[in-house]
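J.: Per TrEMBL, the features are:
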ACT_SITE  Glu262  active site, charge relay system
ACT_SITE  Asp266  active site, charge relay system
ACT_SITE  Ser467  active site, charge relay system
DOMAIN    190-555  domain 'Peptidase S53'
Amino acid sequence: LYLIPDVKHFGYLLVAVKYDWTHVGRVDPTEELELTFALKQQNSDLLEEILTLVSDPDSAQYGKHLTLEEVSSLVRPSELTQKVVHHWLQSHGITNCLTVRTRDFLQLWSFLFYVLRVAETLLPGSKFHRYIRDGHSLVRSSAPYSVHDDVHQHLDFVGGLHRLPPKGQDLNKASSNRKQKQSKAGVHLGVTPAILRARYNLTATDVGTAQNNSQAVAQFLEQYYSPADLAEFMGMYGRSFKHLSQVDRVVGTQGAGKAGLEASLDIEYIMSTGANISTWIFTNPGRHESQEPFLQWMVLLSNMSDLPWVHTISYGDDEDSLSTAYMMRINTEFMKAGVRGISLLFASGDSGAGCRHLGKEQNSFRPSFPASSPYVTTVGGTSFKNPFKVTYEVTDYISGGGFSNVFKMPDYQASAVDGYLKTVTATLPPQSYFNTSGRAYPDMAALSDNYWVVINRVPVPWVSGTSASTPVVGGMLSLINDQRLLKGLPALGFLNPRLYKLKGQALFDVTEGCHLSCLDEQVQGKGFCAAPSWDPVTGWGTPNYPALLAALLAE
């Protein structure tokens with residue numbers, strides 16, 4: 001659904017069907033409901049300062065990460081905020097909220113009768129309806145809600161009202177054009193763990209050995225992995241290196257039914273690249289149809305003191321479909337993870353620069369969030385120059401990239417981006433299509449084209465998307481963390497300040513190819529193009545593992 005700001009209300013109005021959700025009708029007032037209240041936090045400016053210090057290799061504070069308890073005492077909402085919000089809820093008969101360690105999220109989830117009726121009284125204007133897509137059902141409000149002024153100043157947003165999950169990328173469709181071209185030219189064996197290890201210079205001994213290391217993938221779009229598929233994949237493709245064949249921990253509810261392509265891709269490639277490293281999966285909590293799984297994952301991060309060091313997430317939404325208040329708060333959650341030494345990697349998306357139709361014959365590029373967040377490492381995609389050989393890499397035309405319309409360019413990347421804009425001035429798209437002062441992404445890339453995945457016990461070729469490149473980079477960062485932990489060094493944490501200081505050292509620079517964008521007369525489907533050094537298609541390039549390991553092991 002499109003979310004259009006309504007200035008009079010603390011909410012977003014659903015005005016057009018988006019992502020193929022179908023409206024079914026009003027929800028029975030006695031239905032249960034889950035809402036998440038994001039309480040205003042304290043010291044977010046100080047949190048950002050600390051993140052900069054612990055992530056900058058030139059700072060004396062580098063690597064001095066905080067515990068969850070220390071983060072809690074820093075950002076915990078004021079006593080007044082907690083009191084006002086609790087009193088407001090109690091005055092509507094709501095006493096059974098769950099909270100998190102940092103006390104900045106409250107969750108209302110109950111089987112009490114009239115909960116939905118209570119919610120519509122609590123949040124005047126809200127009207128809950130049911131929407132369905134592909135057999136999945138969700139409850140959301142079709143109208144904006146308001147809260148009393150006294151409470152408004154203590155809340156960032158209420159989750160579980162408006163946001164509907166985007167549709168997952170069709171990973172087969174992403175590669176269907178290429179598939180036909182290549183099958184005529186001859187047999188293409190495609191990308192497997194052995195091909196990735198050859199291209200990025202990992203040897204059979206580049207596997208994890210540290211006891212205190214772990215990595216995770218997070219999945220939100222009703223996707224499940226199959227333990228049998230993972231074991232089959234490792235049996236087929238992991239014979240040449242030491243590996244694990246099962247996930248150590250599943251957080252959430254693994255659904256029954258067929259395995260999802262996205263979920264299988266994520267887990268098979270993080271575990272074959274970050275081989276022999278304990279791996280977790282965060283999956284759909286699946287508790288209720290009013291829940292927002294991405295938000296639920298963020299709440300979990302705020303509540304677990306023991307977490308994997310690297311998380312890879314293949315999930316995104318158009319920046320313009322989300323409220324700024326929501327994105328700002330999610331950014332604070334990313335900062336909270338970063339100061340704890342956790343590396344968050346997001347796929348840059350599979351729509352190139354994207355395209356937003358603004359009006360009659362007027363378009364602009366369409367950035368994606370969380371890819372555009374300044375506090376995560378965003379991973380783009382590449383293809384082999386010669387699809388039949390392990391050659392150098394060129395841009396994969398689907399690789400998401402561009403400039404945020406919401407977040408300003410962080411200091412760590414300013415000179416790199418400025419260098420790009422000056423170098424390619426003559427070939428840049430018109431300035432009206434993008435915001436040159438916004439956070440630019442991706443930060444780096446890896447192969448995203450023609451992967452083999454085992455799904456429902458069958459090897460499937462030609463799977464493509466930045467959901468392939470992201471777990472590959474994540475696995476390599478986990479291997480680097482492994483070596484750091486063995487040497488008694490802290491985990492990498494938020495990588496970007498250090499990555500940009502390397503200025504492309506230890507990465508294979510990608511300098512050929514452009515990604516797709518608006519099909520109109522002005523840009524004719526062409527977005528940004530790769531160039532020497534950093535660019536908004538492949539970032540700094542793809543990892544040369546031994547060189548990157550050496551650069552990131554240096555104290």
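Every residue, even glycine, has its Cβ placed from backbone N, Cα and C.
Mind running through what each feature is packed against?
T.: When other Cβ atoms within 10 Å of the Cβ of Glu262 (active site, charge relay system) are tallied across all protein chains shown, the result is 27.
For Asp266 (active site, charge relay system), the same-chain residues 6+ apart in sequence whose C-beta sits under 8 angstroms from its C-beta are Val217, Gln219, Tyr225, Thr312, Ser314, Ser467, Thr470, Pro471.
The Cβ of Ser467 (active site, charge relay system) has 32 other Cβ atoms within 10 Å, all protein chains considered.
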